[in-house]
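Below is one structure, written out as structure tokens; the observations come after it.
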Amino acid sequence: MTTTWAQRRKERIDDLAGGRSLTSEAMRRLRRDPVAIVGAVIVGLFVVIAVFAPLLAPHGAAESFPELQADLRPGNIPGAQEGFPLGGDQLGRDFLSRMILASQQTLLVGVLATLIGLAIGIVIGTLAGAFGGWIDTVLMRVTDVLLAIPSLLLAISVAALAASPSQTTVIIAVAIVGVPIFARLLRGSMLSQRNSDHVVAATALGVKRPAVVLRHMLPNAIGPVIVQATLTLATAILDAAALSFLGLGDADPGRAEWGLMLAQAQTYLDVRPALAFYPAFAIIVVALGFTLLGESLREALDPKGRR
Amino acid sequence: MLRFVLRRLLQVIPTLLLLSLLVFAWLRSLPGGPASAFLGDRATPERIAELNRVLGLDQPVLVQYGRFLGRVLTGDFGVSTITGQPVLTEIGRALPATVELSVAALLIAVLLGIPLGYLAASKRGGPLDISTIIGTLVGVAVPVFFLGYLLKAFFAVELGWFPPSGRQAIALDATDVTGFAVLDGLLTREWDASWDAILHLTLPAITLATIPLAVIVRITRASVLDVMGSDFVRTANSKGLAPGTVRGRHVLRNALLPVSTVIGLQVGLLLAGAVLTEKVFVWGGLGTLLADAITLKDYPRLQALLLLGALVYVLVNLLVDLSYAIIDPRVRLT
């Protein structure tokens, strides 16, 4: 029988399996998984560029140049020239510098939105899953309703509350979309922990309830939530771009962020498509990177190791 | 069965009540309060005070909520600050366009997604499987509106195969019967009108279908793989049933259960995706209403669309749950 690529990948991952803790086992599986490596390399590159963006970018994000503005008129945006390898944008700024600097803002929006959503979701999920009863009922009813609103509509309605759109409103709007997802996931996996042997044992030993919840239940229940957070990073960046496209994005014209740049470039699509293509390509690659990493993380943490 | 349906119907009520409470709270936290938000640019202190009295905003919160609920239940969502027309009338006029677009997109996603997911699973690890997985991953990562512009630039502007925007050529002067352009042409036997509407529909529908398509392919694939590894399929195979019978009656039927849930969940995504797609193709449906409402801060319209979106989503998922009970008898017992 011929071996397929998927089988070879599985054999490679499963090789030398067994005899370790779940976490180290998962880490080892990840290191041997080509899909995880591709995802990690993309995400790693993105983070490095984002962190060192101010050092890497030759010019500032809001800086405009006379040589780029000279030929700037309706129907013409100057392309590559001496000193500006990617040419200028619609305001005569260095496009390359803006692409590099935008990585930082994009990472910031994605990470902050995900972290805020994660933090609130963890609090809600822990309370609901650990204590049950009426707390659980009330919290889960509210998350159900939040889940009942299609995610982009929810983000839109939160962002529309602000008197004027800004980066902060985008981050908050995208963060709130993630809250019910994280909360539900964590509650589910906390519930399955509640009657497990080690929790019963800890309780029987007289460990106080908060300690049981935080030290014994939460660490064991958090796996799926972390996976979801990795996947959410991808959707957060895409949602932020959609909000920008709808005019709910950052109003600061000097700010460089891929979603914002892509949204603004739609007007100049027939003049200089590159202004849209580069940010779009960057978003697609980064979203793909986070998705690949998240999916392989999910597989590595799944003890059944199927699929 | 009847008891299951009734119980499930009753469960929806608290969700909807809480939803109305949430939208009510949302309205009250609008910048400057609902009155100035509703009046928009026309807001003067006198008019705000006037509207506050008319809207009952000088009353206790509970009374206000009661009135809000009463108005919503009677379909009174107020007047759009952009057009000055009742919001409900506007929605009624724009609804067919969005339904037509969403149905077309869902058809593409389901009719293409289930066979593709099934084929990918049955040739697991093969070239079709790998390319399908990569395709679905990339499909989800592409911003919807960018894909729309891309399709438009290439197939409409560059090649001229499809019209770049709108629902139907105005020059055709097609008869409007139901508001569904394709259906109207069939009803009135204006075949060219139907054909024109289909041409207009193609690119937006493909744009809107990408994400649901990717999700349906992946769920079908995973679910088929799951079922193919189960004991009853091995039993069916080992007792010598024809492979076609096993595939049709055992694998596909069981594998489609999770798929049907996911299709229900996609309806919400379609509504949200329609906002982006309609803006790209100037479609003139609910998404366009919403996009304009955001730009021009038309809060009465925004509120109505938000409630409607959530309501549709809740009801569709209720239907999915009920259909689940018909497909799988075990669900009724739990």
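Here the Cβ of each residue, glycine as well, is placed from N, Cα and C on the backbone.
What TrEMBL records for B:95-324 is domain 'ABC transmembrane type-1'.
Under the heading transmembrane segment, TrEMBL lists B:101-121 (among others). Counting residues 6+ beyond its ends, the transmembrane segment (B:101-121) has Cβ neighbours under 8 Å at 128-129, 132-133, 201, 204-206, 208-209, 212-213, 215-225, 228, 252, 255-256, 259, 263, 266-267, 270-271, 273-274, 277-278, 283, 285 in the same chain.
Summarising the annotation, TrEMBL assigns transmembrane segment to B:133-155 (among others).
The transmembrane segment feature in TrEMBL is assigned to B:197-219 (among others). Tertiary proximity for the transmembrane segment (B:197-219) is limited to same-chain residues at least six positions away from its ends with a CB under 8 Å from its CB atoms, namely 100-102, 104-106, 108-110, 112-114, 116-117, 120, 132-133, 135-137, 139-140, 142, 144, 147-148, 151-152, 155-156, 162-163, 166-169, 174, 181-182, 184-185, 258-259, 262-263, 266, 269-270, 273-274, 277-278, 280-281, 283.
Counting residues 6+ beyond its ends, the transmembrane segment (B:255-274) has Cβ neighbours under 8 Å at 98, 101-102, 105-106, 109-110, 114, 117-118, 144, 208, 211-212, 215-216, 219-220, 223-224, 226-227, 283, 285-287, 309, 312-313, 316-317, 319-320, 323-324, 327-328 in the same chain. As annotated by TrEMBL, transmembrane segment applies to B:255-274 (among others).
Per TrEMBL, transmembrane segment is recorded for B:304-327 (among others).
Note on the transmembrane segment (B:133-155): residues 120, 161-162, 164-165, 203-204, 206-208, 210-211, 213-215, 217-218, 221, 273, 276-277, 279-281 of its chain, located 6 or more positions outside it, place their CB under 8 angstroms from a CB of the stretch.
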